[in-house]
Amino acid sequence: MMKFTKQNFFFLVGGMLIYVVDIGVDFWVASRYFCQGQYSWSILILCFRGLSSLITQIFSYEWFKNDWEGTDTGKLKLVFLVHLFQCGIFIRYWFALKYGHQVTFKQTSRRDASEADPSNFIQKQAVDAVTDISMLRVFKTFLETTPQLLLQIYILMEHGKTNFYQYAAIIMSFCGISISMVDYQILLRKSLPDKDEFRVLSKFVYLFYKLLTITSWILSISLITLLSVRISVILLIFLWICGFTWTLKQHTTFCKSTKMEYLYRTVVGIILIFSFFNIKGGRTKVCISIYYATHTVVTLGILFVYMFWKPSIIKEIYFTVVGILTISSLVSGIIFLVAYYSHFHPTTYCRPQACSDEVDGVAEQKDRVETGRFQNFLMQ
């Protein structure tokens, strides 16, 4: 069973503080745009925030309802009201901090403790609470943080003027993406049999692979948006349709209800616009190769469109800088991707009979430690 450590506790506290700061920064940036008469930007920021909050609250309440099935209905009604006011995530942080504090600071671990031991039960409660938060954080990352990063970079490229609050929004977006990716990967790898083999260097290689490929893709979409908002919207919708269709074909079974399952698949389709996740265990070399090959072709295609459609813009310094950043981050991200799956992925360390060639998912559940809801999240 995965152990909840003091490092997990302090990381959880830091994540909660960043979550609160992120909310404040969003409203601050939205208010600044509103005061400057940029109403469309202000509304978009609030829409990203509202959509992300609504969907995460729906999933959070649904999980509470599933976990507390058959318990006191009055308690569940109170939880519903809290989620209705978009504060459900703080309940989850409260439980995670409560159980985590008991495990790390009040209890002493015993090597001979059985699974029925109360300390092990609280340990499991702490782990379950943290993994639920991790899943919700991934939803928030791709429903709000990543689109906001795209919007802020587009605004900077369009107007060429920079303000402190714009830099603050971009920095918070990168921090949010980084924490979400690393936290998700740590929890996933700890759910595998050889969890102690996941090295610190592996975390950094994985982080750079994700951040660089996402950054390159966001810069590419920003360029095409600068050229034509309509084309950019059509491209994003087309990519979502492709991701959603692929998710349907995988026959995911993450949620108990059909409606929630389709909502889950819709969210996964949005996630797949920006980054690759394996939602079906097994070999994924073909899928991941096609995914990033497509991103590479589209990115190069956007740059070539600029060269032939608006050759005069190539002389602009910002296009040179953005073009170099786009290509360099794409190449670097692919290098880190290859390095990660060649030398740092858990299949490199695990015993052959205990591992499968999964990417972000759990393929053979019988060979895995019981991980509850996490074993079906973005994975099968």
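Glycine is treated like the rest: Cβ placed from N, Cα and C.
Positions annotated as transmembrane segment by TrEMBL: 9-29 (among others).
For 41-64 (among others), the entry in TrEMBL reads transmembrane segment.
TrEMBL lists 76-95 (among others) with the feature transmembrane segment. Same-chain residues lying 6+ beyond the ends of the transmembrane segment (76-95) with a Cβ under 8 Å from its Cβ atoms: 12, 16, 19, 53-54, 56-58, 60-61, 64-65, 68, 125, 129, 132-133, 136.
Long-range contacts of the transmembrane segment (164-184) within the same chain, counting only residues at least 6 positions beyond its ends with a Cβ under 8 Å from a Cβ of the stretch, are 11, 14-15, 18, 21-22, 25-26, 28-29, 32, 134-135, 137-138, 140-141, 145-146, 148-149, 152-153, 155-156, 203, 206-207, 210-211, 214. Sequence annotations record features per position, and here TrEMBL assigns transmembrane segment to 164-184 (among others).
Through the fold, the transmembrane segment (204-225) approaches residues 146, 149-150, 153-154, 157, 174, 177-178, 181-182, 185, 231-232, 235-236, 274-275, 292, 295, 298-299, 302-303, 305-306, 322, 325-327, 329-330, 332-334, 336-337, 339-340, 344 of its own chain, all at least 6 residues removed from its boundaries and within a Cβ separation under 8 Å. Residues annotated as transmembrane segment in TrEMBL: 204-225 (among others).
Among the features that TrEMBL reports, transmembrane segment is placed at 231-248 (among others).
As annotated by TrEMBL, transmembrane segment applies to 260-277 (among others). Within the chain carrying the transmembrane segment (260-277), a Cβ under 8 angstroms from the stretch's Cβ atoms is held by residues 55, 58-59, 62, 138-139, 142-143, 146, 210, 213-214, 217-218, 236, 239-244, 246-248, 252-254, 287-288, 291-292, 359-361, 378, all 6 or more beyond its ends.
Per TrEMBL, transmembrane segment is recorded for 289-309 (among others).
According to TrEMBL, the feature transmembrane segment maps to 316-341 (among others).
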Legend entry - Residues from the same chain, set at least six apart from the ends of the transmembrane segment (231-248), whose C-beta lies under 8 A from its own: 221, 224-225, 265-266, 268-273, 279, 298
Inset, instruction - May I ask for the residues of the chain that lie six or more residues beyond the transmembrane segment (289-309) and have a Cβ under 8 Å from a Cβ within it? - result: 213, 216-217, 220, 223-224, 227, 235, 276, 319, 323, 326-327, 330, 334, 337
